[in-house]
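As recorded in TrEMBL:
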type	residues	note
COMPBIAS	1-19	compositional bias 'Polar residues'
REGION	1-21	region 'Disordered'
TRANSMEM	26-44	transmembrane segment
DOMAIN	79-263	domain 'ABC transmembrane type-1'
TRANSMEM	83-104	transmembrane segment
TRANSMEM	116-139	transmembrane segment
TRANSMEM	145-164	transmembrane segment
TRANSMEM	198-221	transmembrane segment
TRANSMEM	241-262	transmembrane segment
């Protein structure tokens, strides 16, 4: 005769709580190990002479150059301009994307129209619109911000639209029957319900915004990180070409961590 030991509810709860923590630890460990291994291999290949330092500088040399340029005021001015364009374009895309998705839920025709616009405009490479934006808005930051908005809005718009369609209508009807105003329903029911999905779209939009603002500055700009890379390439300063790439990676990483932290906070709140 055999006996089975059943876990108590407390033990079962503790085991389920430790699994996500272990997964976070493993993901954080892999996040550190993978880039470190890549940098070590890169450094060894350059130092051993397998790759010419003129074509691919060693990571240690790039780091020294990053620190050197960090002491110059011109660099921080270019970095600040890129950050301004990136954040401005992303914020406008987020607000406009969520607003359009909510407006589309008002009537069936507005939802049908938004669906048609997404299918028509989303596949278009937005960088092809940049010459027209330059003609309309000039070479200043407005054309770069507009290009970021035109590309980053679609992940937010589609995520918001799908999330808004899944909101339980009975909750809204019950709140309205209890005398809750439309604005209160929006802020207390709809937005909290769609916020996790919307933030997932914002994370994708953040990656797109980093790429687009860098490309826009490379193509036609007299300032910003993209312009720094283009200027270095024209004078064949290979090591200086990697400095803007390092900083755009840092910006994207910081932006992604910020949105991920906001996602976790929203998930705990809901």
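Glycine is treated like the rest: Cβ placed from N, Cα and C.
Cβ atoms under 8 Å from those of the transmembrane segment (83-104) belong to residues 110-111, 113-114, 141, 144-149, 152-157, 159-161, 163-164, 186, 190, 194, 198, 201-202, 205-206, 209-210, 212-213, 216-217, 224, 251, 255 of the same chain, restricted to positions at least 6 beyond its ends. Outside the transmembrane segment (198-221), and at least 6 residues removed from its termini, the chain residues within Cβ reach (under 8 Å) are 82, 85-86, 89-90, 93-94, 97-98, 126-127, 130, 134, 139, 143-144, 147-148, 151-160, 163, 227, 229-230, 244, 248, 251-252, 255-256, 259-260, 262-263, 266.
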